[in-house]
Amino acid sequence: MSAAPLVRDVDRLDPAGVAAVLALLRAATAADGVRPLSEEAELRLQHGGPAGGRDVLATAADGALTGYARFEGGEGTGDAEAELVVAPGSRRRGVGRALLTRLEELAGDRPLRVWAHGDLPGSAELAQRHGYERARVLLQMRRELAGVDPEPRLRLPEGVQVRTFRSGTDEQAWLRTNARAFASHPEQGSWTAEDLRLREAEPWFDPAGFFLAWDGDRLLGSHWTKVHPPGDEGPEAVGEVYVLGIDPDAQGLGLGRALTDVGLAHLRRLGLRQVLLYVEEDNTAAVTLYERSGFTRHAVDVSWRRAR
């Protein structure tokens, strides 16, 4: 019988601790075929996050890292959120249970939501055993790029022009439009200048794949694409419809379709064979639209919630 894991949490990991967690994430990705943490959680692991966040570590008696969780305390009385991963060689040894127990202690009297990426059987079993219920479901959808026109003829409203993002110039306009486009979205609509800055500093950031639709000096919408390197979302590089948003006042002008075409054409010209996107399962209108555009369901992320 293995000894119970040792669990501790810190405000911020040192570089050696971050490196150890990143190695664990790579091992879990290779074993499960899905990244165990969201991009946001990985950024906060590496760069820190808002007040109330904690890095939670589980280790064996010999000090080996067996599990990790990222806890976000949130603000006010809202739900606390977390994501966790257990090392492939340490599963079904109480590590997930120990991490979850500490996350619940950190949440205190507030409800806790825990994201499970890939909706793997082990994560569902752990959540249900501890009284959690499915609260949100995020679909990953994919399509082939072979049928995409690499040089599409765009139908844009009169006076509207599409150009690529200019770092150091377009940030504030994009943040304002993004907040309006995603006013009802719990994560995307709350992006700050720091959130954008961190992504501009990432190795994958490429302004040549970040398209903005302007009417004079007014930003109407954007399509930000991303390229995942081999091993990130599969054995080959994969494109992503990273952020596609239209200002509510510009809805109905056909900009969503035009910007989608521009972004997919860009990814096709890069030689990529597949593109992915994420959409809420209960957003049936968007899911239907994407299915009509050739996307099919590929993977599922689940937010499990337990009321206190």
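Every residue gets a Cβ built from N, Cα and C, even glycine.
According to Swiss-Prot, the protein has these features:
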- 8-155: domain 'N-acetyltransferase 1' (DOMAIN)
- LEU84, VAL85, VAL86: acetyl-CoA 1 binding site (BINDING)
- 160-308: domain 'N-acetyltransferase 2' (DOMAIN)
- LEU244, GLY245, ILE246, GLN251, GLY252, LEU253, GLY254, LEU255, GLY256, ARG257: acetyl-CoA 2 binding site (BINDING)
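Locations of recorded Swiss-Prot features on the structure.
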| residue | record | Cβ neighbours (10 Å) |
| --- | --- | --- |
| LEU84 | acetyl-CoA 1 binding site | 25 |
| VAL85 | acetyl-CoA 1 binding site | 27 |
| VAL86 | acetyl-CoA 1 binding site | 27 |
| LEU244 | acetyl-CoA 2 binding site | 18 |
| ILE246 | acetyl-CoA 2 binding site | 21 |
| GLY252 | acetyl-CoA 2 binding site | 10 |
| GLY254 | acetyl-CoA 2 binding site | 15 |
| GLY256 | acetyl-CoA 2 binding site | 18 |
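In this structure the C-alpha atoms belonging to VAL86 (acetyl-CoA 1 binding site) and GLY252 (acetyl-CoA 2 binding site) are separated by 45 Å. Confidence annotation: the domain 'N-acetyltransferase 2' (160-308) carries a mean pLDDT of 94 in the model.
Annotated acetyl-CoA 2 site LEU244, GLY245, ILE246, GLN251, GLY252, LEU253, GLY254, LEU255, GLY256, ARG257; additional same-chain residues within 8 Å of its Cβ mean position, judged by their own Cβ, are LEU220, GLY221, ALA250, ALA258, LEU259. The secondary structure of LEU244 (acetyl-CoA 2 binding site), as reduced to three states from DSSP, is extended strand. Taking the centroid of the Cβ atoms of LEU84, VAL85, VAL86 as the acetyl-CoA 1 site, the other same-chain residues with Cβ within 8 Å of it are ALA28, PRO36, GLY67, TYR68, ALA69, GLU83, ALA87, VAL95, GLY96, LEU99. Using CA atoms as reference points, the binding-site residues LEU244, GLY252, GLY254 were checked against LEU84 (acetyl-CoA 1 binding site), and the closest is LEU244. Here the CA atom of VAL85 (acetyl-CoA 1 binding site) lies 36 Å from the CA atom of GLY256 (acetyl-CoA 2 binding site).
Under the three-state DSSP scheme, GLY256 (acetyl-CoA 2 binding site) falls in the helix class.
Under DSSP, the residues of the domain 'N-acetyltransferase 2' (160-308) split into helix, strand and coil as follows: 52 helix, 49 strand, 48 coil.
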